[in-house]
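Novice: Before anything else, here's the structure in question.
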């Protein structure tokens, strides 16, 4: 599977593909795709936030197919830059993300995904990917 913009749509086009488990088979609504500003690899950063706490859980990357799959299934779906493949958060670990809301920032170059997180969001098992290494602490803490 390759990453990159394909001019897809926010709802899944279910007429031309048969494998509905493959994120690459989902097409992004052109009205959404036209608003995205992708990097040279065709990706947009996705900030994932926990709905109940407001905690930032992780930063991941989406292409048009991953975004379309996320919107259609409400499952956090991302593009792995290291493995060069799609991954649905929790598909193997059981640490699922139920997506409540997806927003595009004012520049169209960052996506905010608001989720209910089951288990740790980080591949280390931590609640967030930002638990371990604090570079500057709050003065009042």
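Each Cβ is built from the backbone N, Cα and C atoms, and glycine gets one as well.
Predicted automatically and left uncurated, TrEMBL annotations should be read as such.
TrEMBL lists 105, 107, 109 with the feature Mg(2+) binding site. According to TrEMBL, the Zn(2+) binding site annotation covers 106, 122, 129. The compositional bias 'Basic and acidic residues' annotation in TrEMBL covers 11-22. Taken from TrEMBL, the feature domain 'Phosphoribosyl-AMP cyclohydrolase' covers 58-130. According to TrEMBL, the feature region 'Disordered' maps to 1-26.
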Novice: Between 107, 109, which of the binding-site residues has its C-beta surrounded by the fewest other C-beta atoms within 10 Å?
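Specialist: Relative to the other binding-site residues in 107, 109, 107 has the fewest Cβ atoms within 10 Å.
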Novice: Taking the Cβ of residue 105 (Mg(2+) binding site) as the centre, how many other Cβ atoms fall within a 10 Å radius?
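Specialist: So the Cβ neighbour count for residue 105 (Mg(2+) binding site) comes to 13.
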Novice: Helix, strand, coil: count each for the residues of the domain 'Phosphoribosyl-AMP cyclohydrolase' (58-130), based on DSSP.
Specialist: 10 helix, 29 strand, 34 coil
Novice: Specify the count of other C-beta atoms within 10 Å of the C-beta of residue 122 (Zn(2+) binding site).
Specialist: 16
Novice: List nothing but the one residue from 106, 129 whose Cβ has the fewest other Cβ atoms within 10 Å; the candidates are the binding-site residues.
Specialist: 106
